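The transmembrane segment annotation in TrEMBL covers 40-57, 69-87, 99-122, 180-197, 217-239, 282-298, 310-329, 349-368, 380-405. For 426-461, the entry in TrEMBL reads region 'Disordered'.
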């Protein structure tokens, strides 16, 4: 019996490691050009050492400020090289695992930078910002030079059209990207609505959260956010119903086909069907979705608190650069968190998800430390009501999702019983099936083309 128990434990442990590796160390299954997937560690070491020697002995080191800047840039560059060698791939392998290793490495660097910032005082932080960009000395808070929610009763076409600027497009495009990550109408609409409520509850701290009702409800929720959600979910449905049959670029004989295959390397290798909640979900899963909502709202709040407390405009590189970077690391984070939440065999979060959570809380901690004057005006009742409101709307959303699935939706596969694959048209002899799903216990497919497959370039599709 002891031997049998040992074997069972070993089997479960191996299954756990396999499921965790699927989201933390995804392997490449469609190697098209072997050269790009071989280690080349000695070559990389030689190139880095030679380049370091060249720049160290040839550049002019007379400018102290330039020395520090170049030194920091080289540190980031070499840390990225180490990231390629040492860090995990994460859940994605397109366009190349090395890119996602670098992304993870940069997120670790940002995390360490936030840890460093926490131990500085306000004067040192301002000195660091002015060193990065001397123009920040003259920056002013947007709330000090602009008025918000003025003359809301005046509604004209000219005034409405004036709100369709670059920020409105960023709302639309941003929600399109968020829908691609979350892949759920229910959760996307819930996050969109709760964010507008978040603005109301924190309006006493950030005046730029004040908006006219028609701006908040019609322009933001319905048009910009709703349009972005529709676009993102339409793309999701399109990718779910298609399959890629990947073939090596070496097996494609036309120039057009080779170019098309190279471009498609920057598209997903497969598309994971997601189902955040079902009628048999445990309370732990419900709490996990609620935590997901809170951290999402916290990350959004950090964007506004950071530029308000540290005083830099929305158009500054510190603002849009952070938004772009957070958006990139959110992709593997959501994938890893979803697998942890829905796959019972995955008992720990992925490394990128862990680092993302740490970044979100450290950003909030930095805001609280250096914005004590601002947060001293916090009305605790509003914060408590905000948490309760988000909880209520989250549970309501999950209930509606389950009711709709039971009443109108067909039987859908959960993550533990589906094989994730994408479907696409085959062309130029470039198609071979590829899948990078979290689990593959079955061979069921979705969409058309699930009949008998014919070999393409000697590989079954």
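Glycine residues also receive a Cβ, built from the backbone N, Cα and C atoms like all the rest.
Highest Cβ contact count with the transmembrane segment (380-405) among the listed stretches 180-197, 282-298, 310-329, 349-368 falls to 180-197 (criterion: pairs under 8 Å).
Between the transmembrane segment (217-239) and the transmembrane segment (180-197) there are 3 or more Cβ pairs closer than 8 Å, counting only residues 6 or more apart in sequence, so the two stretches are in contact. The transmembrane segment (282-298) shares the most Cβ pairs under 8 Å with 180-197, out of the stretches 69-87, 99-122, 180-197, 310-329.
At the 8 Å Cβ cutoff, the transmembrane segment (349-368) and the transmembrane segment (99-122) share at least 3 close pairs (sequence separation 6 or more) and count as touching.
Residues 76, 79-80, 82-84, 87-90, 92-93, 128, 325, 328-329, 332, 351-352, 355-356, 358-359, 362-363, 365-366, 369-370 of the same chain lie 6+ residues outside the transmembrane segment (99-122) yet bring a C-beta within less than 8 angstroms of a C-beta in it.
Remote same-chain partners of the transmembrane segment (180-197), defined as residues 6 or more beyond its termini with a Cβ less than 8 Å from a stretch Cβ, comprise 216-217, 220-221, 225-226, 229, 232-233, 235-236, 272, 274, 276, 289, 293, 296-297, 300, 330-331, 334, 386, 389-390, 393-394, 397-398, 400-401, 404.
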